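Participant: Quick one: the structure is below, and I'll ask about it shortly.
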Amino acid sequence: MTSIVPSTPNPDIVKERRNATCNSEELAQWFHGGAEKLKNKREIEHELFKGLEKGYGLKHEYLDHEGVYNRAVEQVVIASKKLKKLQQERNPGGNDIWPKGLYDVYSHGLFPANSPVSTHITMFVDVIKGQGTPEQVEKWAKAAENCNIIGTYAQTELAHGTNVRGIQTRADYDSKTQEFVLNTPCLQAYKWWPGGLGHTANHANVVAQLYINGEHKGIQMFIVQVRDLETHMPMPGVDIGEIGKKVGMAAVNQGFLGLKNVRIPRENMLMKNAKVMPDGTFIESPVSKLSYMTMVYTRCLIVNLDATYLLEAATIATRYSAVRRQSPINPNDPEPQIMDHVAQQLKLFPEIATGIAYHISAEHMWELYNQTVDEINNGQYSRLPEMHALSCALKALCTTDACAGIERLRLSCGGHGFMAVANIGNIYGNAVAAYTYEGENTVLLLQIARFLVKSWSYLVEGKKMLSSVEYLRQGLKKDTFPKWNNSWECIVEALKYTAAHKTRIAFESFSERMMAGETQPEAFNNSSIELLQAAELHGRQFVAETFWKQITGPKTANLSKPTKAALDNLVELYLVHTALRHMNDILRFISLTEADVKSLQNRLEAVLKKLRPEAIAITDGFDFSDGVLNSVLGAYDGNVYERIFEAAKMSPMNQKPVQDSFEKHLKPFMKSKM
């Protein structure tokens, strides 16, 4: 079929790029970590998408459930071969291209419904490296990195998710044979949800309760082979399969796993921390919370991922808003670009700012993560609770904001945003899963609340405070906030001051309930509404301060004035928008005048106006290719309507003028006399 898409871009989107002062290429280099990294990304992306059939991403929408999975597996193999070749050519012996490229941003276009090896790449390998001995890393990690074995991370059970302590799968040590015997004692104990477990993985990191001579030794992790390496049939004692269709992530191939008297060698328990000796002697981990680091690592990845999904959706919606014309502002005027409507700007621009705020916060968290790993390797564990709380906060808030933001962006595209070929549905389906996996968000916020309660008790007892909660000292005194001066620092300090007092109030409520006779768990549960609010604001002040300091710090010092101004305007929008959203909490503790609040509203409107001519250039700066976005609404050339129509013609139902159901059902029904 001859394409009807024009060879020249839409004039409206050309005008947007011509009128912008922000330099998209400069922004892209900054966003991707430098000119060389951007160049490499583009070259790898070009190789991966080269040779794909026309309409590759769109045809995915018409495959059945099995077809989506099998095509994803095929594409994993094709992409892997390309990535291995590129790794050998560019950096032999490294792992920056292979296998990490299987889960980089360009994978979003290669695997519209996500990838059946995503959990293998992001968790299985890294858990072995993080919790295995040098010998175990040598035996398992290299084979896993090269996909000679494919694994998954099997923690969640059918009846137990975030409450890891309640996991029922058990591993009993048999000192006579030096083996662990693994069992799922009931249906509720079946592992449920691990990505790739259904029909892809042949190994799993199985989280289970360890027992030695009937004595419970806590949660440990075991490498279990679940499928034969030659036939791929389930191993003896293994009941395995796929859990079925989900809201999104159709190709991830999440599975279930039941174990009945499955024996594995003693060496298959990951023993970097806790150890079981051949005679059954158990050596505890030096720090019980070391297992947190696996979750911290994964949650940092999730923040990266959902921030990217949000920015992808923002790019699609912003480009569409530049070429869609509708609803004259003055009755007799021509229809304007819908991005000229201030209400549309309020749907688009805060999501761009939010995506960048989380992108930058995730980068900062990676820096803190690497520092913490270095400290752990030197026997220092004091930062672990802080890292756990911060990663919980970022994961919970980013996924909440990204999911809500992507839906707002879909709505901003009107009816066309509802079409599968807009791809916002796939992006949402992939992003929204993170709201519940690796810790359901409400449960994570309650974990942060426990950290805040403990931190507040340290504060009132005069004990040493961790750096991330030093701001809580402001909650000890009322009416101490300095005069409002409208600066960015003032807004950030207002969020911190408010968060501190919300923690104080939650702690007081919790304490009063205990004094009234409630147990500590009961008091915590009954105070959970206030505790959740305190936990959310703890995360919000962290993101706000990080965004402000990173954009005004040395990381943007070399940017040109117009590009730096665009980022500054995004900081302004993020801070003002956040302050207005939480104004009810701020006003509870800080005396703002009507003029102060009105000033914030005026600033919101002013910064939307400043960002309007830069919006396309900013989203171009994320450098999402058409292959990655896979959207008829978000293509770089802006030829929206031709692409929508061409995609419609690709529908299998349009390949013949009359469907079989007409003669079989519809025609007799219309002719019947009922």
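Including glycine, each Cβ sits where the backbone N, Cα and C put it.
Given the structure is predicted, the values throughout are model-derived calculations rather than measurements.
Dumping what TrEMBL says about this protein:
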DOMAIN    23-150  domain 'Acyl-coenzyme A oxidase N-terminal'
DOMAIN    153-262  domain 'Acyl-CoA oxidase/dehydrogenase middle'
BINDING   Thr156, Gly195  FAD binding site
DOMAIN    292-453  domain 'Acyl-CoA oxidase C-alpha1'
ACT_SITE  Glu438  active site, proton acceptor
DOMAIN    488-671  domain 'Acyl-CoA oxidase C-terminal'
Participant: So what's the mean pLDDT when you look at the domain 'Acyl-CoA oxidase C-alpha1' (292-453)?
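Facilitator: Mean pLDDT for the domain 'Acyl-CoA oxidase C-alpha1' (292-453): 94.
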Participant: Report, in whole Å, the straight Cα-to-Cα distance of the residue listed as 'active site, proton acceptor' from Thr156 (FAD binding site).
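Facilitator: Distance between the two Cα atoms comes out at 9 Å.
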Participant: Can you grab the distance from Glu438 (active site, proton acceptor) over to Gly195 (FAD binding site)? Cα atoms, rounded to a whole Å.
Facilitator: 12
Participant: Per DSSP, what is the residue tally for the domain 'Acyl-coenzyme A oxidase N-terminal' (23-150) in helix, strand and coil?
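Facilitator: Taking each residue of the domain 'Acyl-coenzyme A oxidase N-terminal' (23-150) in turn, the totals are 90 helix, 0 strand, 38 coil.
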Participant: Using a Cβ cut-off under 8 Å and a sequence separation of 6 or more, which residues in the same chain sit near Gly195 (FAD binding site)?
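Facilitator: In sequence order, the residues whose Cβ lies under 8 Å from that of Gly195 (FAD binding site) (at least 6 apart) are Pro116, Ser118, Thr119, His120, Thr152, Tyr153, Met249, Val252, Asn253, Gln254.
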Participant: According to DSSP, how is the domain 'Acyl-CoA oxidase/dehydrogenase middle' (153-262) divided among helix, strand and coil residues?
Facilitator: 9 helix, 49 strand, 52 coil
